[in-house]
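Below: the structure, in structure tokens.
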């Protein structure tokens, strides 16, 4: 049990993943380099101003040449970063294409297996059997319809009408009055009087 739950999952990092990680690390290093150079250029520009104020024009000019060279380095660095990002995007898109192709291949294999189970011949056989069953039932219906005379048809319709009439007829309401029930709590002496009233009515 311990080995079962303690087993480490196998790494699913591919060579493409490693390449993407390495390219992104190089890109990040170049961006850090850009940031340092940009900060240095600001300092050198401020220093060149100070040198001009101090009357040291040649020194300021030399510093500006150095600054210009570093700006060119920044442009080259930006181009390198763009190339790295394009490479990363290309690899990532290729990975997506590979997954799509794997999905298409899996789907194609499933379709092939289904076609093996249900071939065209099998489908045609089932359709033929279905058509035969329908035709057989039609022939039975025709035989049954032709075996009855007009007298039989009339008798069947008459019986059907009688059954229908039985279902819709309701029982009649009784015309005789219901016998009057003498309440149990009426005194015994009063009961003959009630019987006389009923007879008189």
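Just so it is clear, glycine is given a Cβ too, placed from its N, Cα and C backbone atoms.
What Swiss-Prot records for 2 is N-myristoyl glycine, and it gives experimental evidence as the kind of evidence. Taken from Swiss-Prot, the feature coiled coil applies to 10-145. The phosphoserine annotation in Swiss-Prot covers 119. For 130, the entry in Swiss-Prot reads phosphothreonine. Residues or ranges marked as motif 'Type-2 MIT-interacting motif' by Swiss-Prot: 168-179. Here Swiss-Prot flags 170-181 as region 'Interaction with VPS4A'.
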For residue 130 (phosphothreonine), the three-state class that DSSP assigns: helix
Average model confidence [pLDDT] within the region 'Interaction with VPS4A' (170-181): 61
Nearest-integer angstrom distance between the alpha carbons (Cα) of residue 119 (phosphoserine) and residue 130 (phosphothreonine): 17
